[in-house]
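Report on the structure given below.
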Amino acid sequence: MDRWQTCWIALVLLRIFWTLLPQSGYIHPDEFFQNSEVVAGDVLNLRVRRTWEFNKTQPIRSMLFPYITTGIPLFALKSIQGLLNKYTVQLDVITTMNMVRASRIMTLFLSFLCDIMLYKIAKMLSLPAAKCIVLFASSYVTLIYYTHTFSNTIEAFLYTAFLYFVISSLKLREASKAKDKKENTEDDKAGEEKVNTIALSSIIVFGIFNRPTFIVFAIVPFLYWMCCDLLPWRRESIFKMLHRCWQCFPGVLYATMTVILFDSYYYGTFHGIPAKGILHVKMTDFTITPLNFLKYNLDAKNLAKHGIHPRWSHLVINLVLLFGTMDLTIKFCFFYDKMKSVFGSQSDEANAEKPDFASRITSVLFYCYFTPVVLLSFFPHQEPRFLIPLLVPAILVFLYRAQHWGHLLHFLLTSWFFWNTLGCILYGVLHQGGVIPAIGHLQGILANSGFSHTTHIVLYHTYMPPEHLFAIPAGNQRTLARSRIPNVVIHDLAGAKEDVLKGTINKIKFSIQNNAHHEVYVVAPWTLDYMFNVEKYDLVDSKSGHFSAEDFVDFEDFFCISPQFYKSRFCDNFSFIERLRMAFSLNIYQLIRNKK
């Protein structure tokens, strides 16, 4: 076992440990609200906040993939709780952290499948496979994004699988041209080619239903797979292409019917074949989420609600943010090749050898890397996670070009590991990193109280809290006695101004002034501690490892150099190291009753 294999094993263990710890970083609300928030309500009967994307009239999200990635683990968690209750074991396993762990187990498994497929692709391209999977396993994109429940994570897995089956199919075609093939080998290869075709055609459909943007990732490898050996164009080429399209039909039909039927049953539009027969089934009986998705996202006004970014954000900022010096290297090689082809001499082209299989596929992978970026740049809403499927082609292209660069490669690899260490710390630990632990703390308080009184929870200057992580029973009269229906009110103030916070607290205080069975908690960054007077609030707990770019620490206050320091009550009582910890903390306050 060489050092690269040892390094990969260590990184795999890190991925497992860190996923099950679990990671505290909260990258974006979509991780929860497009997946586990909805599924937990269905499977665990918890109170949740269903976003507009899952409305019954025009849903834009397919539910098949959230149920596969999150529904199965949560159902297992529910079964474990049922067994414990059956044998009167007083242990609650449906907790905040256990739900986070369970929801990420399936994506962790899918990330390992990406390791395997990348290794096999590298072998087919005669690349150093061990180095490929080490680069993959050491990327913060893998360690964080690929283990979280984003729809982009599923898209990344499907894209890796799509590339694997495309390259496998092309490799089989390459082998079939060999002169020393045998008849039985031909039959085996024909069967394997058929499996590859059905697989990649099914993946295209699944990818589109998961995120219609999958089209922009799949278009280059699919067109190359379809047409690469049909040029120069002849009459036979048309028949070959039609034959390949026909071979794709079973996979397309199977995948399309699977997803549409699942979604139609889930959203309640399809109730089975009418008594009059299948011919009386209407199109309105089916839910086709990609059509609703495109209808919504093609309207610039709708995209503006989610944020408008410069059209060059993906190409200039997001690629570098995700892949660091690897992206810069790929861009340099791409433009170097283009300049060489434009300004190179004809004698160089004449003397150039015919490219081998690895060279041709790598050239295609260049376009697999840049084409989705260009196409996605037409949409004004641009976030880094939209590009995470490009990690695998980036690694393959990078190592193909840089594997013989010696000391320069060593420098690039060092910068790669440094960049991804920073990414892991920022996105895996610090970024809104106190929100989930704070919810876990409050969930423990609610569980211990048995929901015996009304609780108000105010979240201020944090990401939107996933309500299922509070583990509040959905509570209706069929499942719970009326006296035990939980009365927990969650006030999500997001980034509202201070007067909104004060107004909310005053309304709560007015509504509960004559009722002793109420508790009020406020969750806010430490940097806003000056808003919470010690005479009115108790500091219940402080969750370290929380960074919010919107509420970054005031340096004058932090270093205690403000002429009239009044904002923080910690300056005189704590050391610099303690203040550093607190500066990156999320506080939980409890309103002291009978204080004005």
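Using the three backbone atoms N, Cα and C, a Cβ is placed for every residue, glycine included.
Only residues 6 or more beyond the boundaries of the transmembrane segment (64-84), in the same chain, are considered here, and those with a CB under 8 A from a CB of the stretch are 34-36, 38-40, 42-44, 91-94, 98-99, 102-103, 105-107, 110, 149, 151, 154, 206, 209-210, 258-259, 262-263. Among the features that TrEMBL reports, transmembrane segment is placed at 64-84 (among others).
Positions annotated as transmembrane segment by TrEMBL: 104-122 (among others). If one looks beyond the transmembrane segment (104-122) by at least 6 residues along the same chain, the residues whose Cβ comes under 8 Å of a Cβ in the stretch are 8, 12, 15-16, 19-20, 22, 68-70, 72-73, 128-129, 132-133, 136-137, 142, 146-149, 153-154, 156-157, 160-161, 163-164, 167-168, 392, 395-396, 399.
What TrEMBL lists as transmembrane segment is 129-148 (among others).
Annotation source TrEMBL lists transmembrane segment at 245-267 (among others). Here the transmembrane segment (245-267) has long-range neighbours at 56, 59, 62-64, 67, 194, 197-206, 209, 226, 285-289, meaning same-chain residues at least 6 beyond its ends whose C-beta is under 8 angstroms from one of its own.
Sequence annotations record features per position, and here TrEMBL assigns transmembrane segment to 315-336 (among others).
Annotated transmembrane segment per TrEMBL: 357-380 (among others), in sequence order. Same-chain residues lying 6+ beyond the ends of the transmembrane segment (357-380) with a Cβ under 8 Å from its Cβ atoms: 125-127, 163, 167, 170-171, 174, 213, 216-217, 219-221, 224, 228, 297, 300, 303-304, 308-309, 311-315, 319, 330, 333-334, 337, 386-387, 389-390, 393-394, 396-397, 400-401.
Annotation comment: TrEMBL describes 386-402 (among others) as transmembrane segment.
Marked as transmembrane segment by TrEMBL: 409-430 (among others).
For the transmembrane segment (129-148), the list of distant contacts is 2, 4-5, 7-8, 11-12, 14-15, 18-19, 23, 25, 27, 31, 104, 107-108, 110-111, 114-115, 118-123, 156-157, 322-323, 326, 385, 388, 391-392, 395-396, 398-399, 403, 413, 416-417, 420-424, 427-428: same-chain residues at least six beyond its ends, Cβ to Cβ under 8 Å.
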